[in-house]
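**Student:** Just dropping this structure here.
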């Protein structure tokens, strides 16, 4: 099973990716995780990426493609993989097509932007442990404090409403066109194109999971 998971930032791709990867025994390839690891390590590419991400922009194609090409060459990708957050742009999709990367499905998780803003701007985290909360959906026992240590929770810059809105704007301009790209390719050349499927990403985690797994068996 080789697939791309599409959807706006905050659409719940990471949660559903974990279920899909478990079901099919494939690795999740998240450019976000790869970038955060580079930022944490303080590599030159990581430092570049940090400045771009904190301004709400997207990292360059060259940097992302170098990370991804290296990743899918690893042995654990032999039986398939799930791309979460890649490709982000038409040029990236073209580059992947040109490289002959075989894909079975493109699955879109569709969530209204108003829901995404509420989801993301309400996130809070405890930096030392990585524990996460949500002011509405998963609040801490004491407002603004970690349940275990009582230490202050923070709002990541990535989750501030202004940054979220900027990221959604960038998504609309650069990544949303991939929906048309893959659906048009599937209609024009069904023999070689991945199957394109879209599901609603609003509802319980379990409901969305069942929609996703049903879409990937159709």
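Residue 1 is the first one shown; counting continues down the chain.
In case you wondered, yes, glycine gets a Cβ from its N, Cα and C as well.
Dumping what Swiss-Prot says about this protein:
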- 10, 11, 12, 13, 14, 15, 123, 132, 133, 203: ATP binding site (BINDING)
- 30-59: region 'NMP' (REGION)
- 31, 36, 57, 58, 59, 85, 86, 87, 88, 92, 156, 167: AMP binding site (BINDING)
- 122-159: region 'LID' (REGION)
**Student:** Report the DSSP secondary-structure composition of the region 'NMP' (30-59) as helix, strand and coil residue counts.
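**Tutor:** Split by secondary structure, the region 'NMP' (30-59) comes out as 22 helix, 1 strand, 7 coil.
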**Student:** Which secondary structure state does DSSP assign to residue 14 (ATP binding site), in the simple three-class scheme?
**Tutor:** helix
**Student:** Rank aside, I only need the closest one: which of the binding-site residues 57, 59, 86, 156 has its C-alpha nearest to that of residue 14 (ATP binding site)?
**Tutor:** 86
**Student:** Taking the Cβ of residue 10 (ATP binding site) as reference, which residues of that chain separated by at least 6 in sequence fall under 8 Å from it?
**Tutor:** 111, 116, 117, 119, 120, 164
**Student:** Nearest of the binding-site residues to residue 123 (ATP binding site) by CA-CA distance, picking from 31, 59, 86?
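**Tutor:** Result: the closest of the binding-site residues to residue 123 (ATP binding site) is 31.
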**Student:** Counting all other Cβ atoms within 10 Å across every protein chain shown, which of the binding-site residues 12, 14, 57 scores highest?
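**Tutor:** Checking each of 12, 14, 57, the winner is 12.
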